[in-house]
Structure formats: structure tokens, C-alpha cells
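**Q** Could you have a look at this structure, given as C-alpha cells, before my questions?
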Ligand code: DGL
């Protein structure tokens with residue numbers, strides 16, 4: 001699995017719960033994080049390089065646990081690799097189908113909201129539901145730092161969520177895998193009348209379907225490994241307990 005950073009751990013949690021016997025290597029591309037402000041071309045190239053690396057390491061399936069990387073790069077990765085590749089996309093289809101007010105908001109990175117894939121998702125799945133796209137400015141950095149509750153984090157979330165309260169939206173789609181870690185604060189500010197749509201469980205079901213009852217090979221190794229492309233593995237190791245409630249060793253894998 002990989003993400004630009006630690007957000008994909010929201011998907012990791014759902015996948016490892018659904019498949020507790022499967023070894024999972026999680027790679028955080030922290031040397032390039034955040035992807036949000038980067039160009040589609042750069043994100044696509046990076047996504048392909050990382051997926052090639054994971055395939056060379058013996059991955060039998062790759063989850064691109066990042067909406068931004070999926071939108072820019074999943075087609076290239078699928079064309080280049082012969083193993084199954086699961087991507088993640090904002091849950092616009094189920095949110096629009098369930099909306100009663102006819103207005104939903106999608107929170108995602110700038111790159112995701114500017115991508116052709118986003119435009120196509122809205123065109124294909126929103127129907128006559130209004131979609132209000134909003135970037136979570138500064139949110140990714142807060143999750144990377146494990147800062148999920150400070151006054152500054154509250155301020156950044158409030159700047160996006162509070163104005164939505166007067167927009168009559170009844171669904172907020174969490175279209176960046178970092179954002180579920182901020183869901184408790186988003187929920188507190190949005191109140192109970194707004195549904196937060198998080199794709200993690202749907203991705204886990206998709207992975208279970210593709211694994212289709214197979215068992216891991218005997219040589220697969222340690223159950224969970226964590227890699228970062230940053231030269232220093234300590235910051236990621238320090239933040240893991242705040243995000244997934246457990247300490248793990250982190251290995252440094254600077255990828256060119
Ligand atoms: N977690 C990523 C996503 O789902 C992107 C965060 C970033 O690097 O900007 O889009």
C-alpha cells in the first residue's frame with residue numbers, strides 16, 4: 001500500500017481488520033508529501049515509480065491509498081504492471097445517491113479537485129445533486145504531524161466546515177485519505193445531521209474480493225512493515241501510535 005504520507009493508514013486500518021493474516025507493507029512517500037500542490041504529471045510519475053518498487057519487492061496486489069495519486073496515476077500503473085491495483089476515489093456516487101437535500105460537499109486536495117478524474121466522477125455520478133468542492137488547506141500537514149486536536153488544527157477545520165453549515169449540504173465526502181483522522185473534529189463541527197462519507201470499508205471489501213480466499217506465501221515475511229521515503233524514519237514512527245494506536249518500527253527507503 002502507499003500514500004503520499006500517513007493518510008493511507010485510514011485505509012490500512014480497514015484492510016488489515018478485514019484480512020488479519022495478510023502481510024502488508026505500507027510505504028509513505030514523505031519525501032514528496034504533500035502531493036496536493038503538485039502537478040498531475042509529477043504525481044503520476046511518482047505514483048508509477050513507487051508502484052514499480054512495491055511490485056519489485058514482491059507485492060501481489062497494490063492499494064494506492066491516496067485519492068490524489070489514484071486520480072493522476074492509476075491508469076499508468078495498471079498499464080505497466082500485471083498485478084491487481086486498487087485505487088481510491090471520493091465516494092461521490094453513494095453520497096449523491098443518499099443525499100436528501102440535493103447538495104453534498106467533497107473535501108479533497110487541490111490536485112484532486114482540479115483533476116479530470118474528479119470532473120468525470122461528478123459528471124458521471126452526481127446527477128442533479130450540487131457538488132461543493134472544498135480543499136482542506138493545511139489539513140494533510142496536521143495529520144502528518146499527528147496533530148489531530150490542537151487549537152490550530154481546529155481553526156483550519158472550522159475555516160472549511162463552518163461555512164458549509166449554511167449551505168444545506170447533508171453529506172461531506174472525505175476525498176483525501178488523511179481526512180478521516182480529522183473526522184472527530186469535523187463531526188463535532190458539522191453536527192449529527194451531516195453524514196461523513198469515508199471509502200475505507202469499501203476499499204477493504206474490494207481487496208478481500210481480489211484476494212479471493214488465497215493465503216499469503218510462506219516467504220511473505222513480517223505481518224506489517226512501514227517504510228518512508230524520507231531519510232529519517234523517526235518522525236513517522238513517533239506519529240504512528242496517535243494514528244493507529246500502535247508502535248511499529250519504520251524503515252527508511254529513499255527512492256530516487
Ligand atoms: N492522502 C492523499 C489523498 O488521499 C493526499 C495528501 C497529499 O499528499 O496532499 O489525496
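Our numbering is plain: 1 for the first residue shown, then up by one each step along the chain.
Even glycines carry a Cβ here, placed using N, Cα and C.
Heads up, here are the entries from TrEMBL:
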| type | residues | note |
| --- | --- | --- |
| BINDING | 3, 4, 35, 36, 67, 68, 177, 178 | substrate binding site |
| ACT_SITE | 66 | active site, proton donor/acceptor |
| ACT_SITE | 176 | active site, proton donor/acceptor |
**Q** List every residue in the same chain as residue 67 (substrate binding site), at least 6 positions away in sequence, whose Cβ is under 8 Å from its Cβ.
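**A** For residue 67 (substrate binding site), the qualifying residues are 88, 89, 90, 108, 109, 112, 175, 176, 177.
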**Q** Output, ordered by sequence, the same-chain residues six or more apart from residue 66 (active site, proton donor/acceptor) with a CB under 8 Å from its CB, or 'none'.
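**A** When sequence neighbours closer than 6 are ignored, residue 66 (active site, proton donor/acceptor) has 2, 3, 4, 7, 8, 35, 88, 176, 177 within Cβ distance under 8 Å.
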**Q** Could you list the residues of the same chain, at least six apart in sequence, whose Cβ is under 8 A from the Cβ of residue 68 (substrate binding site)?
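**A** 4, 35, 36, 43, 108, 109, 111, 112, 115, 176 - these are the non-local Cβ neighbours of residue 68 (substrate binding site), listed in sequence order.
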**Q** So if I draw a 10 Å sphere around the Cβ of residue 36 (substrate binding site), how many other Cβ atoms end up inside it?
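**A** A count of 24.
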**Q** Per the record, substrate is bound by 3, 4, 35, 36, 67, 68, 177, 178: how many Å separate the farthest pair of Cα atoms?
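**A** Farthest-apart Cα atoms in 3, 4, 35, 36, 67, 68, 177, 178 are separated by 12 Å.
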**Q** With the substrate site defined by 3, 4, 35, 36, 67, 68, 177, 178, which remaining residues of that chain have Cβ atoms positioned within 8 Å of the Cβ centroid?
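**A** The answer, listed by sequence position, is 5, 7, 8, 33, 34, 66, 69, 109, 112, 140, 176.
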**Q** I'd like the Cβ neighbour count for residue 3 (substrate binding site), meaning other Cβ atoms within 10 Å of its Cβ, all protein chains included.
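**A** There are 31 such Cβ atoms around residue 3 (substrate binding site).
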